[in-house]
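> Pulled from Swiss-Prot, these are the listed features:
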type     : residues         : note
BINDING  : H145, D147, H335 : Fe cation binding site
BINDING  : T202, R347, R351 : 2-oxoglutarate binding site
COMPBIAS : 239-249          : compositional bias 'Basic and acidic residues'
COMPBIAS : 363-376          : compositional bias 'Basic and acidic residues'
REGION   : 234-260          : region 'Disordered'
REGION   : 354-376          : region 'Disordered'
Amino acid sequence: MGSISQSHKRQPLELQGHLASFKAFDCTPVLGTEFPDAKLAEWLQAPNADDLIRDLAITISQRGVVIFRSQVDLTDELQKTLVQKLGELTGKPSDSTWHIHPLAKYNPTGDSTRHLITTDPKNKPAEDRFRNQAEQPMGVRAAWHTDISYEPNPADYSCLKMVQLPTNGGGKWPQLPILTPVERHGTMANAKCANSIEQSDTLYASSYEVLDKISPAYRKFLETLTATFAQPRYNQSSQEKKSEIHVEPRGSPNNVGSDLSAIHPVVRTNPVTGWKGLYGAGMHTRRFNEVTADESRRLADWLLQMIVENHDLQFRHSWKNPYDVAIWDNRAVFHAGIMDYKGQGHRTGHRYVGVGEQPYLDPESKTRREALGEFN
């Protein structure tokens with residue numbers, strides 16, 4: 001897992017300037033970019049759509065996460081197309097498509113690749129997200145993760161579109177409705193959101209910057225390690241719901257069965273940027289394989305502490321409007337939802353997750369700051 005084959009040696013992709021005419025700003029110096037006025041549906045339907053989406057993918061891989069506001073015209077089908085194009089245009093394996101959640105057979109939505117992330121009981125969620133957080137032995141800090149790292153071929157790009165938001169803490173604002181495709185073009189689609197929601201935020205942390213904060217000597221040690229990633233909770237949830245795990249291919253021929261575990265390098269190379277970043281940390285990381293059990297526990301706690309306590313590598317994204325969209329590269333960031341809205345309404349989002357390559361480490365790859373000529 002720590003080595004590299006010749007097939008993995010590829011040149012990083014470079015921006016071609018196709019997004020330069022669109023207003024954008026960086027959310028923090030190292031992480032996050034927002035396009036406040038751009039419309040993803042228009043980009044997908046433009047004559048130069050592939051050029052736009054390729055530059056978008058590179059931007060996401062460099063900046064970690066990109067934000068778009070009020071994407072009322074981005075249907076689920078367009079969102080799904082976008083996620084696949086982001087990967088295809090940047091070299092994902094030809095047999096990688098969209099991830100199918102292991103619990104997809106419970107409350108199927110008609111599209112097994114659309115993951116309904118919701119706290120609304122009317123949507124019959126497969127899991128109680130508030131209960132899951134309350135049962136974490138380390139509290140909310142244990143929520144940090146990268147998507148589907150328990151799969152042999154984990155996620156490249158994830159796209160979350162928020163369609164229902166909780167009210168604010170004072171409870172003064174009406175509950176935002178989930179719009180039908182017809183209603184998206186009605187009064188709600190054209191209305192300004194007077195109540196700027198400051199709840200149900202999502203935190204992102206740069207896996208590039210975490211690695212850059214670690215000394216070169218300790219980085220070399222981490223680069224020799226692999227970790228076992230797993231998610232046993234889904235098997236427990238399927239039993240509680242009297243359902244079953246989706247054991248057929250989940251977006252890749254390699255992602256099959258009910259074991260829901262995989263071994264990956266602790267430090268991996270992002271093939272889009274050529275930069276290496278920390279990968280073995282957070283919720284799904286169960287064991288560092290080349291060290292003792294005690295060393296593994298201490299290492300897991302320290303790496304998570306690096307993410308939690310270094311605020312300069314974090315970005316807190318606020319979901320403010322219906323149909324706000326966040327797209328992130330799971331090879332570049334960790335993320336965690338903030339469950340601070342219990343009793344204030346429900347949050348529902350539609351997420352599509354692209355499946356990428358099997359993680360690898362190119363020993364010749366550089367950290368982000370090394371590649372950009374920046375040094376601490």
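Including glycine, each Cβ sits where the backbone N, Cα and C put it.
For the listed features, I'd like the structural context: burial, neighbours, distances.
Its own atom aside, the Cβ of H335 (Fe cation binding site) has 24 Cβ atoms within 10 angstroms in the protein chains shown.
When Cβ atoms from all protein chains are considered, those within 10 Å of T202 (2-oxoglutarate binding site) total 19, not counting its own.
Within the chain, the compositional bias 'Basic and acidic residues' (239-249) has long-range Cβ neighbours (under 8 A, six or more residues past its boundaries) at 100-106, 112, 126, 255-258, 260.
With helix defined as DSSP H, G or I and strand as E or B, the compositional bias 'Basic and acidic residues' (363-376) counts 5 helix, 1 strand, 8 coil.
Residue counts for the region 'Disordered' (234-260) by DSSP state, with H, G and I taken as helix and E and B as strand, are 7 helix, 0 strand, 20 coil.
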> What other residues of this chain sit with their CB within 8 A of the center of the CB atoms of H145, D147, H335, the recorded Fe cation site?
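What remains near the Cβ centre is W144, T146, S149, A155, S158, G282, M283, N330, V333, F334, A336.
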> Within the same chain, and leaving aside T202, R347, R351, name every residue whose CB is within 8 angstroms of the centroid of the CB atoms belonging to the recorded 2-oxoglutarate site, in sequence order.
I117, L160, M162, S200, W319, A326, G337, G349
> Three-state secondary structure of T202 (2-oxoglutarate binding site) from DSSP?
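Reduced to three states, the DSSP call for T202 (2-oxoglutarate binding site) is strand.
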> For the region 'Disordered' (354-376), what are the same-chain contacts with Cβ under 8 Å, counting residues 6+ beyond its ends?
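Here the qualifying positions are 1-5, 8-9, 30, 83-84, 86-87, 92-93, 96-99, 148, 151-158, 206, 208-209, 211-213, 219, 223, 250-252, 254-255, 264-265, 267-269, 271, 273-277, 279, 330-331.
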> Taking the Cβ of R347 (2-oxoglutarate binding site) as the centre, how many other Cβ atoms fall within a 10 Å radius?
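Other Cβ atoms found within 10 Å: 23.
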